[in-house]
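Structure, as structure tokens:
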Amino acid sequence: MGSLASEIPPHAVLVPYPAQGHVNPLMQLGKLLHSRGFYITFVNTEHNHRRLIRSRGQEFIDGLPDFKFEAIPDGLPYTDRDATQHVPSLSDSTRKHCLAPFIDLIAKLKASPDVPPITCIISDGVMAFAIDAARHFGIPEIQFWTTSACGFMAYLHHIELVRRGIVPFKDESFLHDGTLDQPVDFIPGMPNMKLRDMPSFIRVTDVNDIMFDFMGSEAHKSLKADAIILNTYDELEQEVLDAIAARYSKNIYTVGPFILLEKGIPEIKSKAFRSSLWKEDLSCIEWLDKREPDSVVYVNYGCVTTITNEQLNEFAWGLANSKHPFLWIVRPDVVMGESAVLPEEFYEAIKDRGLLVSWVPQDRVLQHPAVGVFLSHCGWNSTIECISGGKPMICWPFFAEQQTNCKYACDVWKTGVELSTNLKREELVSIIKEMMETEIGRERRRRAVEWRKKAEEATSVGGVSYNNFDRFIKEAILQHKTK
């Protein structure tokens, strides 16, 4: 992909939702646009701006001359805790309090002689206040939904669940009385779904629940944008993509997986844009280099999932008793309200076989030949990176559309198997052995490699996602620049 030759470069303002799983794909998009000659302004919240400085250093924030960082308040009380904030509070606050400071920022950028005129605003799909800001200034606005296409479609049907009387549930008994096994047969392009496969935010007894209302309303508001982009590829989610285009919007561009699309960017330049809010422990790569191909169980619950100390111990002894090498990511905040503490006898049992670190460069880990299976929460970043690496999955969804991604990984793409919510160590041992030692696991691995090859085809020169990215720049962005 060649860069754009122009005296005044196009200028994209990018606005991620303030969580690691949203900052990463927006940064990947910024990296891709920058490689095509765009000037980038990347807008974090003040809390995440501070975290990025701690993780990457002030020199990273100072950036390149044409890739700049700005920050706006999120409306929440100040905290210096190195963790993702409480998601419902954060979501409610961003939609209520971010519009005014964001408008002020856009006005400042427009008035500055040191930056090019703003060509477009590209905001996270759950930062839809940016649509109002863009309309205020007459700037094109593009929504980047960082979910899967099936997750996006599910959120668009929150209102239909209410209309049909399915949501809200009468009381909490629905969680264990079989109600969640009820078929959901009214979502176009998503056959064979059950309520348990829908995003977890539908599991409410009050439709005014913050996250149920937030995700449904943000999804519908995003349809007002000039275009929507998704970090997926057509062959992976063709049926639901066709349904979205037919029912809602034809201005949807599938431009992923980003992790493969960005391979055309020179490595030195690409490394300059890593956006982890935690410090990445690179010792894991050397550790993996010493392992046999397909021998390691990689475990990461993502940036938001929290577990109990009891669950931590079940995972620990399940991994230890499996007798397979493992790389386990244990964030400082992974245990609810406590520090993650494991007994000395666990460390003795896994000596020379297990590595525990707080955060890693996951894209590199999932591309490493030593990794044999990925135990994941099924967030979309992790899922699409896993597909891009050709790795099978052990799925343990936590919240949001992770349940939907798990359903597709296990039943549609056939690359995964699901763990029980109330996990016990014996089950984990059994599943790891199944995925690492049996024909079931080998078949899941073959399927994962097939999906990786299709992703590589989509993102190679002339592939569908590659061409869609070109079209996105020309149709959704640059045609407005000439007006």
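Placement of Cβ uses the backbone N, Cα and C atoms for every residue, glycine included.
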Recorded UDP-alpha-D-glucose site member, picked from Thr119, Thr146, Thr179, Thr205, that accompanies Val360, Gln362, His377, Trp380, Asn381, Ser382, Glu385, Glu401, Gln402 in Swiss-Prot: Thr146
Ala400 (anthocyanidin binding site) versus Thr146 (UDP-alpha-D-glucose binding site) - Cα distance in angstrom: 12
Which of Asp124, Glu401, the listed recorded positions, has fewest other Cβ atoms within 10 Å: Asp124
Nearest of the recorded positions (His22, Asp124, Ala400) to Ser382 (UDP-alpha-D-glucose binding site), judged by Cα-Cα distance: His22
Where Asp124 (active site, charge relay) falls in three-state DSSP terms: strand
C-alpha spacing of Asp124 (active site, charge relay) relative to Glu401 (UDP-alpha-D-glucose binding site), in angstrom: 16
Candidates Asp124, Gln362, Trp380 (recorded positions) - the one closest to His22 (anthocyanidin binding site) by CA: Asp124
